[in-house]
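Peer 1: Pasting the relevant annotations from TrEMBL:
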DOMAIN    79-159  domain 'Cadherin'
DOMAIN    160-268  domain 'Cadherin'
DOMAIN    269-383  domain 'Cadherin'
DOMAIN    384-488  domain 'Cadherin'
DOMAIN    488-605  domain 'Cadherin'
SIGNAL    1-26  signal peptide
TRANSMEM  605-634  transmembrane segment
Amino acid sequence: MRLLGPPVCSLVGVVTLLLPLWEVGCLELSAGSRLRPLRGPRGHEGALQRHKRSWVWNQFFVLEEYTGNDPLYVGKLHSDVDQGEGNIKYVLSGEGATSIFTIDENTGDIHATKRLDREEQAYYTLRAQAVDRATNRPVEPESEFIVKIQDINDNEPKFLDGPYTAGVPEMSPLGTSVVQVAATDADDPTYGNSARVVYSILHGQPYFSVEPKTGIIRTALPNMDRETRDQYVLVIQAKDMVGQMGGLSGTTSVTVTLTDVNDNPPRFSRKSYQYTVPETQPVGSVVVKIKAADADIGSNAEMDYRIMDGDGLGMFRVSTDKDTQEGVLTLQKPMDFETKASYSLRIEATNRHIDPQFLNLGPFSDTATVRVTVEDVDEPPVFSSPLSKMVVSEAAKVGTIIGTVSAHDPDASNSAIRYSIDRNTDLERFFNIDALTGVISTAKPLDREVNAVHNITIFAMESQDPTQVGKGIAVITVMDINDNAPVFAIEYETFLCENAKPGQVIQTISAVDKDEPPSGHRFFFALSAEAAGNLNFTLRDNKDNTASILTKRGGFRRQEQFLYRLPILILDSGSPSLSSTNTLSIRVCDCDPDGLAQSCSAEAYILPAGLSTGALIAILACVLTLLVLVLLIVTMRRRKKEPLILEDERDIRENIVRYDDEGGGEEDTEAFDMVALRNLNVIRDHKARRDVTPEVTSFFSSRPAYKTLPDNVIFREFIWDRLKEADVDPSAPPYDSLQTYAFEGSGSVAESLSSLESQSTDSDQNYDYLSDWGPRFKKLADLYGNTEGCNIFS
């Protein structure tokens, strides 16, 4: 079977490749894979059998992107068995068979029915076979061949990694490499120039250039300055066909940023700065901020500040703010306008990172003068010593001078100072201070055992401006004196066994003293004088601030004496020494063989013989019953002796209670017995007021008896007597007490308002007009409108 390709003249663009085929005519592919020349274009059987190259004998070439209206002829399939009688049928199979490639089963002509794209698929593998049309059996073995798509320049170059960004240091030398760009072309790189790309720069000159073959972008100008322009946008073109006319092209952008280098020194905008600061500026606070300008950025703009010289070296300190690169001037010591009114400093700013290649541009530092003027401020008084320590004995008398504080006005006016004590720190007013001299003295007796240290605040105030107040502290330590006698350390509970032996220690005692002598306590113990000669116990001073109580004898018995009281004298080592007598109670107990107390009660020995506990309880109950009866009898006899003027149900006590006064509290509420007024012949005994302690009694002892007074002045004198008692009594606290006895006195202008006392019937009032008011008032007119009606109530 032979494969006959299309005439070479019909293959546009492949003349060079297929020229050897033209010389030998069409290819004949036999079933035995022999390459034999067929009849050439001269019309004779060629005798040329040249083999210039190793041809790929089993492939057809088809031009891509064919745009004709008819199917594209690929080649012809022919078998030697086919004699042209129509008995042979040609069959095509493989990639694209029937869908892309078709074959004429009678003639063996192969056509491409679709537009082909080499970039999608570069070749197709097909299989051809000749079969008997009648039997459908192969007449020759199946042959395989390739249809290769011939490339044309139908794809432009593309920058797959674009757009690009790159950076290059400013001031770089000419030709410094910036970045390399690369474009790809989808056309066949092995055929022609369709995929051979060259590069050019369309926008970005004269600052940058690009190498045509490699795509490397380089600087085209030296010493480009970032501070002048820091960014460039380039347009790079890639064109195939080696850049010749008719080639396709693609473009991309390249953004080039000039990175900073330290090529600019810091510079102050002025050579001298002037600032005003109040003298009350706190130590450690920021006074001013200055900044040297640097056109560089980042680490190239970092700088350090230092004070080079001036008269404020010790007063101020300069540091760098890492965020703003400012020089921060802070105060190191307090300023005083009266001492120094201004300071002058020379400050230098230097770049922290200097590039040696730019040292020829000049020193990377600059200096400026900063003058700080101190502003005068009215300041409060200042104590010569903020903390004054003083010592006073607790035995100091009232008015004893303890010490003196001193303050002055720091301003030029030097105003006079007045002193006072902050009473919130001396609530009990133990101390006074002289307002003019600042001398502190005692105002009350001091007690170290109550408060050993007094911490008081002293105010110093300017006389001209009381709002200017300074504060100082006075720590007053109260020194101890021996003013407390020693006593037992605890309340001792001592037990003595009946079988105790002579010389046995029954108790060890110690003492405490509220005083605190500098050398420590030293106590001496002894039996008091009245107990020194007793025959039961003795005391031994252990010389270590303790003492032991020992028995002098044995054979103690509870029935004889179950409790002993031993007076013990304790003496301290103070000067003068103080002593106290403390009584130690010793109980006699029944103890077990180990010496542990079992019973210390003396009940069994006190009760009479044969009298049980139940009998004792019965006797006590009888005694209590007799006492209750006696009390009842005494109470009844007292009630019979009380004079009763009115019946109990008519004995009324009037109480007037006020709660809006600030007098004696509940003691101001008194109940007034009206019997005292009703029973005029009974002399009232003086009763002390409940809310005060009676101290003056001379006034009450000279009071006359009411029964000696005339009847018409008894009420008046009684009331006045009570008023004087409340007003004259000096021991009574101020309070308000309202007392009334419904007595108007003989001199009352209003006289009596009671209609019961009215005996007159000569009233001219006529009540007949009430009849005109209606039926409801007619009865009143009948009652009051005539004399008879009035006599009913008289």
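Count begins at 1; order follows the chain as displayed.
Quick reminder: no glycine exception, Cβ is built from N, Cα and C everywhere.
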Peer 1: Mind checking how the domain 'Cadherin' (488-605) divides into helix, strand and coil residues in DSSP?
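Peer 2: For the domain 'Cadherin' (488-605), the helix, strand and coil counts are 6 helix, 53 strand, 59 coil.
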Peer 1: DSSP says what for the domain 'Cadherin' (160-268): how many helix, strand, coil residues?
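Peer 2: For that range the per-state counts are 3 helix, 46 strand, 60 coil.
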Peer 1: So what's the mean pLDDT when you look at the domain 'Cadherin' (384-488)?
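Peer 2: Here the predicted model's pLDDT, averaged over the domain 'Cadherin' (384-488), is 92.
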